């Protein structure tokens, strides 16, 4: 049910892998073995404002001291690795850097507003890489397609994004003042994604810095390209497996489109033109099923944009899978990417 889960692991996502492993390991060590060092990773706003201990912003806003926050944030980072595959490590790291810096400013601003409006003095906030994690919900909401999985009680839809939102809600309710971090993260994500503010042109990772990290850290945290296909039975060939995967995509997109039409269109009679909604995948040529397929009655394949094929191949997918997904989704890059990342 996760939007970005699949068998690809951290392939093409070394930064996400490092953000999951390193802070989590440090958090566990600080909790179990080195409790006396936890004071150096506390997000102490009083020390930052009064004693100008800027280093506390770096330490306090990187490592979680609560294992519940560590668990939830690592699961969210694992799911949000889809953006590193889609945009590349440099653009993804630029977003995290910009969101981290903006959320640090909004943290201080929201604390001052809370004190001025409600008279509540807040000297410390929950520690961890929480601001950028909440900021990632902005592109997650706006760019990841929503596909209905099932319904509960006939009214409540369960989608491929529901579990991620539940994780975010769990993280939001784990501390008393974590709502400040969540709000500042969401605001920073909106500001960074805004085409009017142009923040992404200012707060970005320089190319030379990205190259240095690519040479030094990427070999450590990179993952091998997955070569195994999903097993569907004894003696099944790769072509049959891909055929079944495309048929699954057929059903998912068709159900999503029908559900969307039912929500948007007024209640009218008549039949739905299924062929207009979704091009039939099952008429594709497949040598495993037909030795001499007839060309009559088979619709011409949908033209695929080479630019979109190149973008999918940059994420690590093969050209064949990219072509099949784009043809099946009528050149919808988001739907094609979502399907390929799930399988």
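All residue numbers here begin at 1 and follow the chain in the order shown.
Backbone N, Cα and C define each Cβ position, glycine as well.
Mean pLDDT for the domain 'UBA' (303-343) in the predicted structure: 77. Per TrEMBL, domain 'UBA' is recorded for 303-343.
The region 'Disordered' feature in TrEMBL is assigned to 286-305.
Annotation source TrEMBL lists transmembrane segment at 20-37 (among others).
Taken from TrEMBL, the feature transmembrane segment applies to 95-118 (among others). Counting same-chain residues at least six beyond the ends of the transmembrane segment (95-118), those with a Cβ under 8 angstroms from any Cβ of the stretch are 15, 19, 45, 48-49, 57, 61, 83, 87, 125, 129, 131-132, 134-136, 139, 180-181, 183-185, 187-189, 191-192, 199-200, 203-205.
What TrEMBL lists as transmembrane segment is 124-142 (among others).
For 163-187 (among others), the entry in TrEMBL reads transmembrane segment.
In the domain 'UBA' (303-343), helix, strand and coil residues by DSSP number 29 helix, 0 strand, 12 coil.
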